[in-house]
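These features come from Swiss-Prot:
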SIGNAL    1-18  signal peptide
TRANSMEM  48-68  transmembrane segment
TRANSMEM  89-109  transmembrane segment
DOMAIN    105-160  domain 'EamA'
CARBOHYD  Asn110  N-linked glycosylation site
TRANSMEM  116-136  transmembrane segment
TRANSMEM  145-165  transmembrane segment
TRANSMEM  176-196  transmembrane segment
TRANSMEM  211-231  transmembrane segment
TRANSMEM  261-281  transmembrane segment
TRANSMEM  293-312  transmembrane segment
TRANSMEM  320-336  transmembrane segment
MOD_RES   Thr366  phosphothreonine
Amino acid sequence: MAWTKYQLFLAGLMLVTGSINTLSAKWADNFEAEGCGGSQEHSFKHPFVQAVGMFLGEFSCLAAFYLLKCRARRQSDSSVEPRQPFNALLFLPPALCDMTGTSIMYVALNMTSASSFQMLRGAVIIFTGLFSVAFLDRRLVPSQWLGILITIAGLVVVGLADLLSKHDSQHKLSEVITGDLLIIMAQIIIAIQMVLEEKFVYKHNIHPLQAVGIEGFFGFVILSLLLVPMYYIPTASFSGNPRGVLEDALDAFCQVGRQPLIALALLGNISSIAFFNFSGISVTKELSATTRMVLDTLRTVVIWAFTLALGWEVFHPLQILGFLILLMGTALYNGLHRPLLACLSRRWRHPTQEGEQERLLGDSRTPINETS
């Protein structure tokens, strides 16, 4: 069935905004500007400030939800309303996981390439699958276990590509290894978030935009408050800011003031996450979860192509192999092979049936020709 213009628009919006989200965050990391107190130019390494911005973007999804709710009320549509009342504090545990995992990933993005960052996020299906078996009493079919094993192999290949790639002064080998490991660690926390959401939240049939918005609210408020103690926690050279603390929000604002393009990158990150969540949810509703997974895979290709074109990273052939293996593992885990196998079996069956019909017709025609 052909896609409608609206469905094409949603797919394009998801692909574009999802790519902008990662690329804008990496773009901000690449800027250098003076900080507070006349400090020398230094890189914009403020992962927790960026995470606060991302949660602000998620929080804005509540505005989109209430607009949909108002329109639904005018049309007497009750699909937006939850089936039963719920306590908003249900979202606090998954929001804490989201906050922790996102913050770790922004730290990791400072240490590794954007394409590796996007590819290694595929590790989430490994831990989601294992945790769903352990805590949700779910049984994985053999193809899903095979998908997990193939995904592990793909992660190893992507990691090897990072190890063997040429590294500049910005991304040393030790930083790249640490960054890759942090991304894997973050996926464990994100998988816990998904299991918590499925076990305690989704049974209330809450609209996804409302769920994202509430989690964004908790993440924004809590992480904003945590920026205060982070300003005083020493971390030596790990943080990358002049004061050597876990996060220097004041330095971030000073750098933004001296380099307006950083503000543009942050604005792109904040707005893109809101539109990405909206379009992703809409694609799942209008098309399918499989389509959303395919578009997310294409997003990795777009990010990779842009980072290579902009010279942000060096091409390594192993990354192609690793990406293809990850793609195969993700497709198997999500059941994308089933419609493909069904299509192939139909194509295989039809020529065989046609051949059998021809033989039957041929056999039936021969006696007639002979008698005539």
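Any Cβ shown, glycine's included, is placed from N, Cα and C.
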Original post:
Counting by DSSP, what is the helix, strand and coil composition of the domain 'EamA' (105-160)?
Top reply: 46 helix, 0 strand, 10 coil
Original post:
Which sequence positions outside the signal peptide (1-18), separated from its termini by at least 6 residues, show Cβ-Cβ distances below 8 Å to it?
Top reply: 272-273, 275-276, 279-280, 282-283, 286-287, 291-292, 295-296, 298-299, 302
Original post:
Does the transmembrane segment (261-281) reach the transmembrane segment (89-109) with at least 3 CB pairs under 8 A, where each pair is 6 or more residues apart?
Top reply: no
Original post:
So which residues does the transmembrane segment (145-165) touch in its own chain, when a touch means Cβ under 8 Å and the partner is 6 or more beyond its ends?
Top reply: 112-113, 116, 119-120, 122-123, 125-126, 129-130, 173, 176-177, 180, 184, 313-314, 316, 318-319, 321-334
**OP:** Select the range from 48-68, 116-136, 176-196, 293-312, 320-336 that forms the most Cβ-Cβ pairs under 8 Å with the transmembrane segment (89-109).
**Re:** 176-196
Subject >> Other parts of the chain folded back onto the transmembrane segment (116-136), taken as Cβ under 8 Å at six or more residues beyond its ends >> reply: 22, 26, 105, 108-109, 144-145, 147-148, 151-152, 154-155, 158-159, 161-162, 176, 179-180, 183-184, 187-188, 190-192, 194-195, 198-199, 299-300, 303-304, 319, 322-323, 326, 329-330, 333-334
Subject >> Residues that sit under 8 angstroms from Asn110 (N-linked glycosylation site) by C-beta distance, when 6+ apart in the chain >> reply: Asp29, Ser43, Lys45, Pro47, Gly179, Gly240
